[in-house]
Amino acid sequence: MGKKTPKSPQRSIAKSPGPGPAVAPSSSSVSKKSKSKKKKPSSPYAESPLHDLLHTFERAPDQWAARYILILTAIILRGVVGLGSFSGESQAPINGDFEAQRHWMELTIHLPIDQWYFYDLPYWGLDYPPLTAFHSFICGKIGSFINPKWFALDASRGLESSGLKTFMRHTSLISELFVYFPALLGFIAFVGKKLNLSRIDQIVISGIIMCQPSLILIDHGHFQFNSVMLGLFLFSFTDLCKGNYLLASVWFVCCITFKQMGLYYAPFIFSFLLSVCFTNINETKGTGKGTVISVLKSLSFRRLFSIGITVILTFITILAPFIYFASTRDVQSTLLQILIRVFPFQRGIFEDKVASFWCTTNLIIKYRTLFTQDQLAKLSLLVTLISILPPCTMIFYKNLFSRTFSNQKSSANKYLALIYGFAATSWGFYLFSFQVHEKTVLVPLLPSTLLYLTADAEAASICQWINNFAVYSMWPLLQRDGLTLQYIITLALSNFLIGSKAILPKNIIWKIIIVLSYIAAFSIHAIEIFVPPLSKYPDLWVILNTTVSFGCFGIFWLWLLYKMYQL
């Protein structure tokens with residue numbers, strides 16, 4: 001037999017497009033290509049000064065140190081702002097929010113509980129829900145133990161001693177430290193992981209939000225306790241994302257019974273909780289699987305009943321002291337008075353110049369002349385319902401019919417939809433509802449600020465833009481409070497920490513909007529400095545401020561609806 005020629009080892013030969021020998025690709029070039037495909041896009045925060053400061057703690061064993069650095073920095077920043085003046089300082093006899101908070105501590109520790117919402121209403125009568133009253137009671141007891149003169153009934157009115165100021169500043173700081181900080185860090189840790197954010201990005205975003213100027217200036221400059229309400233909302237939001245719907249309901253009831261502005265989130269959370277009582281169309285089983293009828297039949301009455309009972313029991317628990325200790329008045333009149341004080345419709349559609357639809361368009365349409373108070377309340381309710389209908393409808397529909405929202409799919413869309421939805425709903429309330437204050441912008445601003453978690457350069461730039469205009473919209477209030485220096489420093493620091501070329505919008509339309517709005521804001525500030533108020537139009541500069549701010553807020557609200565629709 002003849003010898004067989006041995007077969008040469010097979011090689012993968014690349015085809016040459018032209019004449020000449022075929023060339024096999026090197027293994028190194030193949031590996032480079034595969035690596036380039038797997039490479040994740042760089043974070044928009046990678047070039048920010050805050051990232052430069054904290055990246056040395058990127059190793060897992062060192063990450064705890066970065067968090068402590070952030071918390072200590074946030075505490076110092078709040079303490080420095082607190083050294084300035086506060087709302088109504090040296091403006092007797094009524095003063096401002098500082099005196100209101102102090103007075104509530106005074107009356108809650110001295111009067112029976114059924115008199116809290118009736119006592120001397122013209123002088124800062126208690127007009128926040130029961131959890132604020134209980135919080136005031138605890139702070140007042142601690143303060144009166146340190147110095148009883150700070151909260152002596154009636155005799156302490158208008159007191160502004162340095163010791164009292166220090167104590168009051170500490171109550172706001174400690175409240176935020178125990179409620180808002182852990183809620184924020186917990187939310188970012190959970191949702192950040194679901195959105196595949198690196199740990200260092202989560203820490204950087206935590207720092208950006210902790211240094212948000214709006215909340216710092218209002219709670220630690222002007223003086224309030226908004227961080228407690230926002231922290232309770234974040235606890236609720238986190239449990240919503242985790243699927244702990246009963247606990248989320250408890251947290252949310254606590255949120256709205258601390259400050260009624262938490263109701264800005266209520267329609268959206270109601271729509272979401274109602275939607276989770278149904279089964280997604282992609283998960284339905286049995287006859288008629290995958291139809292609308294099968295989805296409607298999947299309603300879990302057990303879950304719906306459990307959530308409803310949880311909400312009712314939480315309300316009853318919070319109101320129980322007013323029911324149990326009602327001595328001089330019947331329970332019904334006490335609860336009715338709480339409701340009347342918490343929702344003061346008699347004050348009008350707006351009290352001061354604010355960046356809302358009604359205040360802005362009042363320049364052209366004199367609502368108070370054309371409509372009665374009752375008609376304005378109904379009109380604003382109708383417009384508000386129209387504004388919040390899109391996000392509430394979208395979350396309900398997506399939870400029932402979108403494949404990416406089913407339990408079979410692990411998608412980030414669900415978490416993003418919740419952030420966009422809460423932001424859009426609360427902005428709808430802020431822009432169109434009855435009786436809005438400048439400070440109320442903090443409510444829609446929180447979920448808007450959470451958009452930093454998208455780690456998208458365009459979203460981050462828009463988020464920073466709206467943060468800047470939220471502070472800008474409160475400039476007239478902060479100026480009255482003597483917080484000009486704090487306004488400039490916190491705003492500059494916030495933009496410095498996140499500032500980098502990566503945080504810029506690619507879209508030309510957004511570039512034009514952002515640039516023009518900043519030019520308008522700086523121009524109005526410059527005019528205020530060099531041109532005194534006109535005697536005929538003393539509020540002209542304030543109106544220009546609120547008009548520009550409303551325009552920015554309105555555009556941002558529409559963008560939120562568009563982004564939520566795209567998911």
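Heads up, residue numbers simply count up from 1 along the chain you see.
Including glycine, each Cβ sits where the backbone N, Cα and C put it.
Just so you know, TrEMBL annotations are computer predictions that nobody has curated.
The region 'Disordered' annotation in TrEMBL covers 1-47.
What TrEMBL lists as compositional bias 'Low complexity' is 15-31.
TrEMBL lists 32-41 with the feature compositional bias 'Basic residues'.
Positions annotated as transmembrane segment by TrEMBL: 173-191 (among others).
TrEMBL lists 197-218 (among others) with the feature transmembrane segment.
Summarising the annotation, TrEMBL assigns transmembrane segment to 264-283 (among others). When Cβ-Cβ distances below 8 Å are used as the criterion, the transmembrane segment (264-283) is approached by residues 233, 236, 240, 245, 248-249, 252, 255-256, 290-292, 294-296, 298-301, 303-304, 307, 388, 391-393, 395-396, 399-403, 405-408, 418, 421-422, 425-426, 429-430, 433, 440, 443-444, 447 of the same chain, each at least six residues removed from its ends.
The transmembrane segment annotation in TrEMBL covers 304-326 (among others).
Here TrEMBL flags 376-397 (among others) as transmembrane segment.
TrEMBL lists 417-436 (among others) with the feature transmembrane segment.
Tertiary neighbourhood of the transmembrane segment (483-500): same-chain residues 44-50, 77, 81, 84-85, 207-208, 211-213, 216-217, 221-222, 460, 464, 467-468, 471, 475, selected by CB-CB distance under 8 Å and a gap of 6+ residues from either end. Annotated transmembrane segment per TrEMBL: 483-500 (among others), in sequence order.
Summarising the annotation, TrEMBL assigns transmembrane segment to 512-534 (among others).
Residues or ranges marked as transmembrane segment by TrEMBL: 540-562 (among others).
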Q.
Is the transmembrane segment (304-326) in contact with the transmembrane segment (417-436), using at least 3 Cβ pairs under 8 Å (sequence separation of 6 or more) as the test?
A. no
Q) So what's near the transmembrane segment (376-397) in sequence-distant terms, Cβ-Cβ under 8 Å and 6+ beyond its ends? A) 267-268, 270-272, 274-275, 345, 348-349, 357-358, 367-368, 417-418, 420-421, 424-425, 428-429, 431-434, 557, 560-561, 564-565
